[in-house]
């Protein structure tokens, strides 16, 4: 028995050594490979390596949150902070992230293991608790304001991937208090629609500015759940929503493109509504009202007038003699290209419109006008 244990320990030690060697190779290859090289070469994203200096907090590691964490890890994010208090169940296997062997583990622990395997350079910090309780809310608040890439600095972005309004209100209260930008996301109960929303305290509406009826009426969500009925879950809708969320998060973190304030998705007719929600001056969140005053007091950005483009040609050389003309400009192209000296020999039109003869033109111009009515013509035809 002792020999068998020793052999297993030796095998485990050998596997650990092999894994460490593979991780070292991954680190070396990652330094040589530039993330999103196509976007960098095409001048879409400048200095993409800044992604390694960013910290993102993800609240909720379920259907949307787990895929979001996976995408950010593959993009090379510097640090991820995960919040969730639930465990992996076999019912979660229709998601895109968890596997059956992880059943029973906390979602943050299972996610950390998988994400570390995908990209060992990403720092993963996990918190297995419910942020809506008083003590845990204080811990959550301290974490997002002091556990950034630099110790004592806030995170760069908070992503809400929770499935209940109570947690959304807690995130909203924390971000309003600390003036942190955050994204809210969600999938409908029937799993055929989803949305993302970018919330900037004071600039756009917070989650309490136009709350759902459940929140406005202080209704306990637990009383609304029907026994034996759970929310539908489609990995397609969750994957699409997570893709929108990460895409806009990257645009915000790396400062490229246009970040959507609100982007919806309806799978039944592929409808993508976009809008911007203004803050409510009578919001119930006092920190939201404070942020609105601060935003209004900020100096307005100076709009720089762009110089009108000149009419000079973009390229000095024009070896092929290509010219642009207005659509309504008369065409001077000859009907018979063989007689033209401006084009290569052997070219001809695929279709040459026949020219009207002088006789046809004269007949059309001198055609008699007949004032006979339709009734008279019908009477003449009947008498024939």
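Placement of Cβ uses the backbone N, Cα and C atoms for every residue, glycine included.
Owing to the predicted nature of the structure, the values given are computational and were not obtained by experimental measurement.
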For this session: Choose the correct range: of 328-351, 352-375, which one does Swiss-Prot annotate as region 'Disordered'? Give that range.
Result: 352-375
Exercise. Do you know offhand how many angstrom separate residue 107 (ATP binding site) and residue 206 (Zn(2+) binding site) by C-alpha?
Worked result: 28
Exercise. Out of 206, 209, 283, 288, which of these binding-site residues is nearest residue 84 (ATP binding site) by C-alpha distance?
Worked result: 206
Exercise. Cα of residue 209 (Zn(2+) binding site) to Cα of residue 164 (ATP binding site): how many Å, rounded?
Worked result: 17
Exercise. Between the binding-site residues 206, 288, whose Cβ has more other Cβ atoms within 10 Å than any of the rest?
Worked result: 206
For this session: Can you tell me how spread out the ATP site is, meaning the largest CA to CA distance among 63, 84, 107, 130, 164, in Å?
Result: 17
For this session: Would you mind listing, in sequence order, the residues at least six apart from residue 283 (Zn(2+) binding site) in the same chain with a Cβ closer than 8 Å to its Cβ?
Result: 206, 208, 209, 289, 292
